[in-house]
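Now, the feature entries from TrEMBL:
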- 8-26: compositional bias 'Polar residues' (COMPBIAS)
- 58-88: compositional bias 'Polar residues' (COMPBIAS)
- 1-43: region 'Disordered' (REGION)
- 56-91: region 'Disordered' (REGION)
- 204-245: repeat 'WD' (REPEAT)
- 246-276: repeat 'WD' (REPEAT)
- 293-325: repeat 'WD' (REPEAT)
- 336-365: repeat 'WD' (REPEAT)
Amino acid sequence: MFGDPNSIPRSKFSNVMHSDPGVSTMNDDDFATRNSSVSAASPGYYDRTRLSGEVSPCNMSPWNQTSPYTKSPWSRSPNTPFDENSPPNGLIGSLVREEGHIYSLAASGELLYTGSDSKNIRVWKNLKEFSAFKSASGLVKAIVISGEKIFTGHQDGKIRVWKVSVKNPSVHKRAGTLPSLKDLIKSSLKPSNYVDVKGHRALWIKHSDAISCLSLNEDQGLLYSGSWDKTLKVWRISDSKCLESINAHDDAVNSVVSGFDGLVFTGSADGSVKVWRRELQNKTTKHSFLQSLLKQECAVTALAVNPSASIVYCGSSDGLLNFWEREKQLSHGGTLKGHKLAVLCLAAAGNLVFSGSADKTICVWRRDGGDHTCLSVLTGHTGPVKCLAVENDQESTKSDQRWIVYSGSLDKSVKVWSVSEQAPDLQQMAALEHQQQYDHQYDISLPPSQIFSNN
């Protein structure tokens, strides 16, 4: 609906889909100087004389609180009714750090966690930096949150565990690593615990390549990790034990999601989507292969499950979305075409599914029965959209279900959007397009700041 004419040529991504759908081989030349098509939708102070040559963050800088308009645009006042004439889907604000591409994010209540190739995990609250902590090594490729524990998956093949301090919620302390040093030593004593990985002996409880994805089953207390080493590993959260290692695919595992009915779904660079069933055997959790949903030439880059409707969505390097429905015994429901380049991330909430792409856009799809409609296309990122997260908007009403959507990009920014499940009418669409055209004249940059880390 609001296309970006400066989309990145497909040739820059054709050689990396089978190694890293996150396009890790890209350099800064891939994001040439350009203006943004969107800036913050909420009122705020900004200096129109300040132009950015890279990205378009929000009008009110989290690092510049000298403005008289210090109220955060992240949330609306509870006493202010939502304007019926305002666009239903729009940008609330942006967060930018000149320290690396955004590869992962996770939302939990008021907090947003972001991971980048700078090794820093930053915590944001109301469009302001709330806290930060830094890992010893390893690009942060995945983040999931379980209660007071934060799990981060890294390029170095390790899963790091962090805990929020009881005395100071802004302090995050390292609580351990998966697998633990104790388990590594104990496992290394038995020759049967070694497996062959690319001609080398390695312990089966340890990933031998980058961790690409994480997923939680909090009801069962399980954590799933997928890796470029082609395996899916199952961890028990309570004691950090690796319960199982599955040789899941013939190429890198790009996505894993814990779904409904005890099922786990994995997507791989080998072009397949596989279904695994969790079973209890002699008081031990085991996962067995159930079926393949898809087998194609192009890489599967992202998966998402709509928990309420029990629908599985799959994004691929060809820009297409496929979906399967539980009510139809996981038969193929259809294909959605909305992107020019690879789909890199997916998120589902309510009747909506969001797809982020290497074409720098986010498509908002609404499910009506078995049909899907593209409600809008969110533009504004100047690089591929690498990760998405969705939280319920606390100001939603029965007549207007709204969601807060977070998008992380390789343009080094995180954008925060307000999205409605209602279809926009022509007047709202015209208002949004007019606002975007006006905002395009001004591209606001945030001043660089020092790295704040907590080892």
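Heads up, the Cβ atoms here are built off N, Cα and C, so glycines get one too.
A mean pLDDT of 97 is what the model gives for the repeat 'WD' (336-365).
Listed as Cβ neighbours of the repeat 'WD' (336-365) (distance under 8 Å, sequence separation of 6 or more from its ends, same chain) are residues 3-4, 6-8, 10, 13, 17, 21-23, 89, 301-309, 311, 313-323, 372-379, 381-390, 392, 401, 403, 405, 407, 409, 411, 417, 419, 421. Listed as Cβ neighbours of the repeat 'WD' (204-245) (distance under 8 Å, sequence separation of 6 or more from its ends, same chain) are residues 19-20, 139, 141-144, 146, 149, 151, 153-159, 161, 176, 178-180, 183-184, 187, 193-195, 197-198, 251-258, 264, 266, 268, 276, 278, 284-287.
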